[in-house]
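Per TrEMBL, the features are as follows:
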type	residues	note
DOMAIN	1-86	domain 'SET'
DOMAIN	99-115	domain 'Post-SET'
Amino acid sequence: MSHAEADDLYGDGGETGHTFLFTLNDDYIIDANRKGNSARWINHSCAPNCRAVVEESADGNPRHDKVMIEAIRAIKPGEELTYDYGITLEVPHTARLKKLWKCLCGAPDCTGTLLKPKR
Ligand SMILES: [Zn+2]
């Protein structure tokens with residue numbers, strides 16, 4: 001869906017503390033609530049073992065771009081796959097929103113929130 005469609009459906013105020021949306025590129029957002037595969041269950045971690053990489057489509061159509069989950073280190077059998085969601089909201093990241101988007105990854109260097117500092 002387009003970014004405007006996602007904003008209409010879910011708002012952009014970050015009030016859920018939970019999302020199945022993935023920003024694909026400047027034009028599109030993947031809504032895993034509607035057509036997601038099992039990758040939508042991969043949790044965030046502040047010390048992830050994977051990263052999400054957007055592969056641009058060879059045909060140049062941004063609608064055909066794909067998200068790939070790549071390992072960034074050796075992963076033991078049975079170990080949970082995680083990546084850094086890198087969430088940045090349109091609204092200011094207040095203490096209340098950081099708490100709403102609380103991170104429970106358990107990493108020693110956990111930031112305590114899924115929200116990334118704005119630049
Ligand atoms: Zn964390």
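Note: Cβ is positioned from N, Cα and C throughout, glycine not excepted.
Please treat TrEMBL annotations as automatic predictions, because they have not gone through curation.
Across the residues of the domain 'Post-SET' (99-115), the predicted structure has a mean pLDDT of 94. Applying DSSP to the domain 'SET' (1-86) sorts its residues as follows: 19 helix, 24 strand, 43 coil.
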